[in-house]
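Below is one structure, written out as structure tokens, with a few remarks after it.
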Amino acid sequence: MGKYFGTDGVRGEANVELTPELAFKLGRFGGYVLSQHESEVPRVFVGRDTRISGEMLESALVAGLLSVGIHVYKLGVIATPGVAYLVKSEKASAGVMISASHNPALDNGIKFFGGDGYKLDDERELEIEALLDAAEDTLPRPSAEGLGDLVDYPEGLRKYQQYLVSTGLELEGMHVALDTANGAASTSARQIFADLGAQLTIIGENPDGLNINLNVGSTHPEALQEVVRESGAAIGLAFDGDSDRLIAVDENGELVDGDKIMYIIGKYLSEKGELAQNTIVTTVMSNLGFHKALDREGIQKAVTAVGDRYVVEEMRKNGYNLGGEQSGHVIIMDYNTTGDGQLSAVQLTKVMQETGKKLSELAAEVTIYPQKLVNIRVENSMKDKAMEVPAIKTVIERMEAEMAGNGRILVRPSGTEPLLRVMAEAPTDEEVNYYVDTIANVVRDEIGID
């Protein structure tokens, strides 16, 4: 991570940390870096989610892009993976998404995609940061005829919707409940699943700029669970604010997280001989039960640090086509370059249709170990140094010794927020609570803030 770029672009409180001035510079400098090797006039696609600050930041970002001669295609409200798909499929120079994903409405973020549809690597981000920190802006300032054009491009959303529909199966007769988190999926999920023929019940589809992720979506699936139970839906599908995540709900109202979704899709692909190298890429946060289920099926796994960018790096490096995170980021590389909640939803319903099994039956093949995760607010300057604090290091070692190999502990910094995450897994809830609470109390005493 750099000074400005975290694990998922530049994020901060809108108009306080992520200001219009910074957005303009990111557009200007980011656009310049990403278009240096273009033989034709560069084209950049820009999308946003439904946050009230989105249009403000979009206007500033677009101005920066236009100022270095880049043609900008405004996609409007669209899922982050929709931007990635369109950049690659339409051979654009780059893409930019304005979103803070699952964060609350007061936050926003800006993330870049290269012309290949993948998020930027560290080297490109550092190039942009160097320009941001330069004492003077020395980039070219073209006169009127050299400025970029601004194009509204609503067709992009329709093309993305049609593409996702083309990857699925007819769902005639299936009752699907959707929760679009009052976010980016509110412009697309209804149409996608209607085109597939599903009977729909939808919540979280009325964004007002302030209610994105508010008690809805993949981080708050309780409302969808209730809707599924009351409506008799066969499946519930909850997206986050920018629709790069999916959390599902089975017909009984029980949660099906990213680990189970990856297992279900991965086993399906493996049985068809379509799981590249018979391997799923996952992170250190995946549940022990997920690993045991893969072992039982003879499916290999590659484990990375937390963050979908690290999963994607591993997939690209070794030619894998399925990976993701427990949080619901699922990357299906045969179809898109990044985590795509709506794509994952289409593929999950496809497995249900092809196998004729209920989601609860498919998910029951993974027995999840009790897991507890506690987030502790700390200073940003301390979250990467926690393991250097003697008391924290000692209590973790003591808890691991007590586990005696039957469970695990993970303490890590958030990539996007001033938080230290303490996670444990063990055979019983009582043990998990004991391990996590013991460590969390020491962390709070040593480096926690109110």
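Backbone N, Cα and C define each Cβ position, glycine as well.
Residues or ranges marked as active site, phosphoserine intermediate in Swiss-Prot (evidence: sequence analysis): S101. A 10 Å cutoff on Cβ-Cβ distances gives S101 (active site, phosphoserine intermediate) a total of 29 other Cβ atoms nearby, all chains included.
In the three-state DSSP reading, D244 (Mg(2+) binding site) counts as coil. Under the heading Mg(2+) binding site, Swiss-Prot lists S101, D240, D242, D244, citing sequence analysis as support.
According to DSSP, S101 (active site, phosphoserine intermediate) is assigned to coil rather than to any helix or strand. Under the heading phosphoserine, Swiss-Prot lists S101, citing sequence analysis as support.
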Q: Determine, for the Mg(2+) site, the additional residues of the same chain whose CB lies within 8 Å of the mean position of the CB atoms of S101, D240, D242, D244; present them in sequence order.
A: D49, A79, T80, S99, H102, G183, A184, F239, G241, S243, R245, G339, G341
Q) Which residues of the same chain, at least 6 positions away in sequence, have a Cβ lying under 8 Å from the Cβ of D242 (Mg(2+) binding site)? A) D49, A79, T80, M97, S99, A100, S101, G183, A184
(Q) Excluding near sequence neighbours, so keeping only residues 6 or more apart in the same chain, what lies with its CB under 8 A of D240 (Mg(2+) binding site)? (A) S101, H102, A181, G183, N213, G217, S218, T219, G328, G341
